[in-house]
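Features reported for this protein in Swiss-Prot:
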type: BINDING; residues: Gly64, Trp66, Asp92, Asp108, Asp133; note: S-adenosyl-L-methionine binding site
type: ACT_SITE; residues: Lys173; note: active site, proton acceptor
Amino acid sequence: MKANTKSKKVNKAWLHDHVNDTYVKLAQKEGYRARAAYKLKEIDETLGLIRPGQVVVDLGSAPGAWSQYLRRRMAPAGAAAGQLNGTLIALDILPMEPIEGVTFLQGDFREEDVLARLQEAVQARPVDVVVSDMAPNLSGVESVDAVRIAHLIELAVDFAQQHLKPDGALVVKLFHGSGYAQLVQLFKEHFRTVKPMKPKASRDKSSETFLVGMGLRK
């Protein structure tokens, strides 16, 4: 009974924080599906990754906030609402409500047939930017979760190696903890410039952080 009461208190505290969160309110005001849009926005504004005319792949895209931000950034200056200059391909294991101009594929990025569908959608075009907000279902066992997270990031790096332009960029979400240093090293082996970033929209209590790799090593 006590445990149940504690759980209710935790849920109530989370709900209070969520409802009063600056980025939640901003997302509602600006029409984003989730506050996560502002994490990518800060990374992009800091590093200047996204421009009209690019080919961009959004991995782990549901519910679609990152794709919404990317779509807005890729619209040409002065364009009518909804106009997109470039190619934006999104993929997630979960369904995602349609976004005008975005090609969405539903499937598990870890499965070969899904990866083949993604490669077909790219159509051998060099990709400018790959962004990944993918995260596995967490078990709560740090060693197990670290392996699952690392696997997804390694797959994203492999995809980037195959499809990015030489000066392209890869953005991935990861977590401080077991395996973090090894993933930073993996990025350093494959990219000329590596920048760890924790956007302001990432909650202070969260171990969530992001790695950005820019410029493929030959």
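For all residues, glycine too, the Cβ spot is worked out from N, Cα and C.
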For Asp133 (S-adenosyl-L-methionine binding site) and Lys173 (active site, proton acceptor), what Cα-Cα distance in Å is obtained after rounding to a whole number?
-> 5
Three-state secondary structure, which DSSP defines for Asp133 (S-adenosyl-L-methionine binding site) | coil
Long-range same-chain neighbours of Asp92 (S-adenosyl-L-methionine binding site), Cβ under 8 Å, sequence gap at least 6?
-> Leu59, Gly60, Ser61, Ala62, Phe104, Gln106
Roughly how many Å separate the Cα of Asp108 (S-adenosyl-L-methionine binding site) from that of the residue listed as 'active site, proton acceptor', to the nearest whole number?
-> 17
Students should find that the Cβ of Trp66 (S-adenosyl-L-methionine binding site) has, within 10 Å, a number of other Cβ atoms equal to 27
If you count the other CB atoms within 10 A of the CB of the residue listed as 'active site, proton acceptor', including all protein chains displayed, you should get 23
Collapsed DSSP category at Asp92 (S-adenosyl-L-methionine binding site) = strand
Asp133 (S-adenosyl-L-methionine binding site) has how many other Cβ neighbours within 10 Å of its own Cβ?
-> 20
Winner by Cβ contact number (other Cβ atoms within 10 Å) across the binding-site residues Gly64, Asp108 = Gly64
